[in-house]
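*Asks:* From TrEMBL, for reference:
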DOMAIN    A:59-237  domain 'ABC transmembrane type-1'
TRANSMEM  A:67-87  transmembrane segment
TRANSMEM  A:94-119  transmembrane segment
TRANSMEM  A:125-144  transmembrane segment
TRANSMEM  A:190-210  transmembrane segment
TRANSMEM  A:222-242  transmembrane segment
Amino acid sequence: MSAPQSSRALQRGALGMVLLVLAWEGVARGFNLPAYTLPSVSAILGSIFDHRTTLFLAGAYTFAEAFSGYVIGAVIGIALAVVITLIPMTRNAIVPVATSINSVPVVAWSPLILLWFGIGMPSKVVMVALAVSFTVFLSALAGLDRVDRRSVDLMRSFGAGRLAILFRLRLPTALPLIAAGLRVSTVRAVIVAIVTEMLGAYDGLGWVIYQAVLQVDFVKVWSAIFIASAASLAFFGLVGLAERRLVFWK
Amino acid sequence: MTTVLSHAPMGAHYTKKKEAGLPVSIQGSGEAALAAKAAGASDAAQILSLTGVTKTFGATRALDGFTATIDKGEFVTVVGPSGCGKSTLFNIVAGLEEPDPGCAMRFEGNSVIAADLLGRVSFMPQRDLLLPWRTVIDNAILALEVEGAPRKEARALAEKMLPEFGLTGFGQQYPHQLSGGMRQRVALMRTFLFKRDLMLLDEPFGALDALTRTMMQRWLLDVWQKHQRTILFITHDVDEALFLGDRVLVMSARPGKVKLEQKVDLPRPRPAEIVISPEFIRLKRTLLEAIEEEAMKSFTAEGK
């Protein structure tokens, strides 16, 4: 994408955002909606300011879980795909197991994971890693499989072994798909971390949301959602930026 | 006599005679060259010999008793109708595929199987297959890197070769920034940098327009003469085969074998106008007749 195009997309996005906020504010004020139905944006922003320390700490906590789970999951996903590529006969063992684990929503595993890893941070990290690893695994496998047979033959004719072919050809060829999988996984990581927190945690945005619901403080629920969404978008944007740098030839 | 000498393929053939301490007079060494030829290509002069190479894929026989020898320093071109097993032949010589049992292959004087040839011949496939994430220089040094050469030295070596390949100033460009002809030259540079005595070129100019193609052919002859390699070159273009080769092998329709072996006694260096000389036309007629027959065969076979 060229620079003027991307800045125009940015302008349109910002304009849409402003219109949405204005409409929201108008509806909430105009119809004098109660806060548990839809608080006004200004009220939510005010609440974010009031609870800034709590929200910031909770956000940092959740992001720490999401990020560490994300890194672990990404490493596992890519490693599994590489193992299958290097030892083709492992494909029929790994793919069905990975698919069956992921054939139910990840959240379905949370009671067991909470039981095994406790209410603290580790259970969230495991849940995020579980969710991320599968997405990254599938995209990495698709990327590694996409390698041109003739390019492999060319490398072989140079006397290259499997490892040389992996690092000089297969992984770079798979990089665009791996990067796309990593980008999509960012949002998934934050979602899974928050949902798992809502099911049992000592801290984090999910926990804040859960507590606020018990206290019937819906403005606070909304402010936690805003923070989560902002963190998610920033994470997505950063990984997307890194992707464009890394996959410069596409 | 002098003309005979100037056609003589370079490389071992030629050097050997000198080492043998033969008289330096043109007359004398010319006679010696003829004598060496008459004695039958000795093992030392041959870089590759294939005897009865056969390859079957399921029910399809791609090659059937392909027999040929390539001398050191020779430029041999292979022409044949499409689907005649040319690429299968190359895959075998590049070491990528094993032929069916029962054939004999010798490389540099030793009996070998196809897998022994991996890493020992420099192979250039039809498509340039440049890696989009590597610059021109880094694409060119790919084979050297695989061999374990230090990157810095390999890059310096490639940098020096850029002018010869018409790529001066393009070393840091990426493949998508280059024209088709330039990409092909990068691929050729990669093949030349992988310093092996035998080079396999599989229709390297097939995708280029006619003008670029002629330029590239002349350029390739220059480079070949400077670097003294043996080249086995696949093409489906009779003009190209004659213009480049010391010898042309015409392949039969599938299953492929050598239908005709034609020596090309045109003097080198060959000017562009040689393609309209009577001698060239005469050779071309012979080749076209042989190919026509085979092309008809494969055409009717496909129609069945």
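Placed from the backbone N, Cα and C atoms, the Cβ positions cover glycine too.
Tell me about the setting of these features in this model.
*Replies:* For the transmembrane segment (A:125-144), the list of distant contacts is 65-66, 68-70, 72-74, 76-78, 80-82, 84-85, 95, 98, 101-102, 106, 109-110, 113, 117, 170-171, 173-178, 180-182, 184-185, 188-189, 192-193, 196: same-chain residues at least six beyond its ends, Cβ to Cβ under 8 Å.
Sequence-distant contacts of the transmembrane segment (A:190-210) (same chain, at least 6 residues past either end, Cβ-Cβ under 8 Å): 54-55, 57-59, 61-63, 65-66, 69, 106-107, 110-111, 113-114, 119-120, 123-124, 127-128, 130-131, 220-221, 224-225, 227-228, 231-232, 235.
Listed as Cβ neighbours of the transmembrane segment (A:222-242) (distance under 8 Å, sequence separation of 6 or more from its ends, same chain) are residues 39, 44-45, 47-48, 51, 55-56, 58-59, 62-63, 66-67, 179, 182-183, 186-187, 189-191, 194, 205, 208-209, 212.
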